[in-house]
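Straight from TrEMBL, the features:
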{"type": "TRANSMEM", "residues": "B:7-26", "note": "transmembrane segment"}
{"type": "TRANSMEM", "residues": "B:38-60", "note": "transmembrane segment"}
{"type": "TRANSMEM", "residues": "B:80-105", "note": "transmembrane segment"}
{"type": "TRANSMEM", "residues": "B:117-136", "note": "transmembrane segment"}
{"type": "TRANSMEM", "residues": "B:143-165", "note": "transmembrane segment"}
{"type": "TRANSMEM", "residues": "B:185-204", "note": "transmembrane segment"}
{"type": "TRANSMEM", "residues": "B:216-234", "note": "transmembrane segment"}
{"type": "TRANSMEM", "residues": "B:272-294", "note": "transmembrane segment"}
{"type": "TRANSMEM", "residues": "B:306-322", "note": "transmembrane segment"}
{"type": "TRANSMEM", "residues": "B:334-358", "note": "transmembrane segment"}
Amino acid sequence: MKRIGYCILLIVLVVPMLTSCMGLRQINELAMVAAVGLDLGEKPGTVRLSAQIIRPADARGQTGAPSGGTGEPIYSITTEGSSIFDAIRNMGQISSRRVYWAHNFLIVMSEQYARKGIDDMVDFFTRNHELRMNTWVAVSADKPEEVISTVTGLEVVPGEAVDRLFRDHRIPGRAPGTNMMSLEESHLSSSTQSVIARVSLQPRGVSNKKPGEHGSIQQVELKGAAAFKESKMVGWLTADDARGVLFFLERLDKGIEVVTCPDSSTDMMTLEFNSAKLKVTPSYTQGSPKFKVRLTTSADIVENGCSQTTEQLRKDAGEGLDQELTKTLEGVIDKAQHKYQSDFLKLGDVFRNKYPTEWKKLKGNWDDAFSEAEITVVVETTVKSGVVKATREGIK
Amino acid sequence: MKIQISNGMFIAMILNIMYAKAIGVTQGVLARAVGQDMWLATLLGTLEGIVMMYLTYVVIRRTPDKDFVQLGQLLLGRWFSSLIALVIFAFFIVAFGPIMITFVYHLRDYFLPDAPLWIFVVTSLVVGAIGCYYGLEVMGRIAMIGLLFMFALNVLITIGSMQEFDIRNLLPVMESGLPRTAKASMHYLADCAMATMMATLVLPLVKKVDIGNGRFGVLGIIGSGMMIIIWAILEGAVLSSEVTSQYTLSCMKLARNAHIGTFLQRYEMIMIALYSLPALFEVMFCIYGTSVCISRIFGIKSNRPMIIPCCIVLGVFGYWIIEDHFRAIDFLENYWPFIALPVAIGLPLIMVLLRVMLGSKLQKKSA
């Protein structure tokens, strides 16, 4: 009898917990953010925050206005505050639903915001338990609120479209795939600097209804990157530089390069390189670091506009690719060393790993040591096939 | 009939009592102390823990049916056994602080930030009290299931983290130097201390403890080391030591980052479900340890009447610790190892010394 009494008491105590009423948030009461924009506010010292919120009724299914909806799959709002959190709280004054961040795909910062410093941004977005750590991060020279609210042709939710651009960023290989995870790591590291992908609005879309108005629709383009020193943006990297960055930071192993035919300045051939491997070997002589950067890769001719014999073509293609890749690597190294004096290529990390004692001496003055370091680039490529075609010559 | 637990259960209990705190809270502390050498500090701590556990075995080797409290009575009489019981009681009260930090902060900070703190303290104590009420054998069985959960959790975190694994983040090895790494290892050793103090009460109840040459306890510490070092390596290589050092619960940071492919993300809720059992076992054993010791002090045969009073004391202390995050971190880093280690190392050492000094007296009494 006593035991039954205890059981009943236990059930009575446990049942209220099963209702899950504590901290209750119903899905239809949430404003799900798909992308966030950060900019400097109008008043000095303030932050302007824009959020792209999904309208569930309009975002479901395919593009186009479903019955009963407004036809707009997203709702974008902007607020300002003294800090990011303050701006978010101020959003509560506008949004009828509670803003929910767990499904955010993207954070876009304006160039001005990034140049002022991203300490608070990194801290806020990593401190908040709701946020995903694989949220993509980008910098834009355009207004972030415009970037995040630009509806693209294929996806209903723009944040999702940029998410897919990032997911496949290694295919064009023209921008790094920066997410909160990698940004936090480089931001906190004492031996490397951050580099963040660039997004911009480009008139690339073609209207189906008015095809004559070519490029009338703005689209988000993922191309290039922003270089940082400490926590502040110091400048832009071009798409070629960004490819160089990818070799160092993301072990890029595939890509295409277009090289000029040796017998013509107008004809081109396209090579697809694969199995690329970049190795950085540091050394230390007479108090200064040195690096040997060696890139080895094999390549296939995937498009040929040159009229040469197979043997000659192979040799020229290899040399052309060598030159292109060397130019890419040297270009980004030069920018890191001399233009921005910022080690975003993780060479400090490599040096520290091999020479920990020497690193302790150079650590405090690494920017200077890095900018004066001797870096040699060696590229070795082997052209292996013309894919399904044997030669261009045909019957001899 | 005297309750006995199997060797496997004993090993599982060691793993359970160390795992929950050591994979996250301790790794964060180690990262703050020695950066990427945190896995080495864990390894050193494991080696030190093996010695500590063997020392505990040495104490009861000649009298395998007596725990530390009973042995104390045999050596110097009732006052000494009460003193030992009081020390062990105090140890488990203090140990409840880090355990609550681990348990509550995982659930509250990452899943239920709006829930009041007392909910977590009370529910864990209710579950712990029920397990403790049913006795050591039930706790041993729970530990066995907990062991399976720990394996599953390790598999999930390894699969989810391999995509981001960068071995360069673990280099250079021993950058902090041996003395600093050895000093940092005491934080991990403090986790081993919970296992050795558990052994002071449980070891005589393990089947065939006298013929194992202390092997089961040592195996438990080695097993724990293997399970925990995976986390130390993953946290260092995936997150980097700089990121790991920023967080109170670095394991949750790793779990938050984990993803299997593109579509399976944010599965930390599954991981936390697997993690909860070892965490609850820790709570359970704290209640067991305190209730057994206090019942010995008052000369009560069964520990059951003391379960609720012990829960109240543990609950009050645990709540006080976790109520303020800064206090919790301060306690964890600056007080807990300096309380745990002198007790866990000192107590077996004193007992060994007393055994040597009073060996003949003990033999007569045993005879």
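Backbone N, Cα and C define each Cβ position, glycine as well.
Remember, TrEMBL labels are computer predictions, not curated facts.
Between the transmembrane segment (B:143-165) and the transmembrane segment (B:80-105), fewer than three CB pairs separated by 6 or more residues in sequence fall under 8 Å, so the two stretches do not touch. Comparing B:7-26, B:185-204, B:272-294, B:306-322, B:334-358 for CB pairs under 8 angstroms to the transmembrane segment (B:216-234), the maximum falls on B:7-26.
Of the candidate ranges B:38-60, B:80-105, B:272-294, B:334-358, B:272-294 contributes the most Cβ pairs within a distance under 8 Å of the transmembrane segment (B:117-136). The transmembrane segment (B:334-358) shares the most Cβ pairs under 8 Å with B:185-204, out of the stretches B:7-26, B:80-105, B:185-204, B:272-294, B:306-322.
Stretch with the most C-beta contacts under 8 angstroms to the transmembrane segment (B:306-322), considering only B:7-26, B:38-60, B:80-105, B:185-204, B:272-294: B:80-105. Simply put, out of B:7-26, B:38-60, B:185-204, B:272-294, B:272-294 has the most Cβ pairs sitting under 8 Å from the transmembrane segment (B:80-105). Residues 5, 10, 13-14, 17-18, 21-22, 26, 29-30, 33, 41-42, 44-46, 48-49, 52-53, 55-57, 59-60, 64-70, 88, 91-92, 95, 98, 136, 217, 220-221, 224, 228, 282, 285, 288-289, 292-293, 333, 336-337, 340-341, 343-345, 347-348 of the same chain lie 6 or more positions beyond the ends of the transmembrane segment (B:185-204) yet place their CB under 8 Å from a CB of it.
A Cβ distance under 8 Å defines the sequence-distant neighbours of the transmembrane segment (B:38-60), meaning residues of its chain 6+ beyond its ends; these are 14, 22, 26-27, 30-31, 66-68, 71, 170, 173-174, 181-182, 184-189, 191-193, 195-196, 199-200, 203-204, 209, 213-214, 217-218, 220-222, 224-225, 228-229, 232-233, 235-236, 241, 244, 344-345, 348-349, 351-352, 355.
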